[in-house]
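Colleague: Could you have a look at this structure, given as structure tokens, before my questions?
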């Protein structure tokens, strides 16, 4: 038993040493990224496929929603398209990460390479970071289905649309705030930077791409609050009228 434990400890130490010595393009330079393999696809190809799929999903959602209910307003259609796109990203892209995080650095699948490319903007995705893993798992399990459910409720004009929209949007906003905050804390307090400084990596991948899940959920929370308040006010007025009669 002692020999087994000693051998296991030796192997772990060896793997850690090899990971530290391994050359990879991410920050910090000493990040432990086991079995990393460079992407086989070029950046333009990866981004073209990703944004192309997003565009197809957007257009398909628009026509399906219009077919379900031709009276949907442009605002409702845009919100439906947002929730369907967001839900699919949560379920498939982030769900993929939550499932294969331990071996992601070696993956050559489309989604695996997409995550390795994004990791230039946040290397925590390749270093088994506990916060990122837990946050992405919660997002995939709860907010992915929640987004799709909200989109369906808007199309069907379900009375629970605004309460569910608020819950899902609050979860998204809370997650992205913690995502930014933990990265900023590590950089300011611990001197650890996870993002490369190039515009594509820091500003586009890390800042802009995640900002959508800051601005849009914040607006949807506000919208849900206003509509819920209106509904409650109407009920209160009706009850007051009944009492008078």
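Just so it is clear, glycine is given a Cβ too, placed from its N, Cα and C backbone atoms.
What TrEMBL says about a protein is an automatic prediction, not a curated fact.
Sequence annotations record features per position, and here TrEMBL assigns domain 'EXPERA' to 75-221. Sequence annotations record features per position, and here TrEMBL assigns transmembrane segment to 46-65, 77-98, 162-182, 202-222.
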Colleague: Within the domain 'EXPERA' (75-221), what mean pLDDT does the predicted structure show?
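Modeller: A mean pLDDT of 97 is what the predicted model shows over the domain 'EXPERA' (75-221).
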Colleague: Using DSSP, break the domain 'EXPERA' (75-221) down into helix, strand and coil residues and give each count.
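Modeller: Counts, helix then strand then coil: 124 helix, 0 strand, 23 coil.
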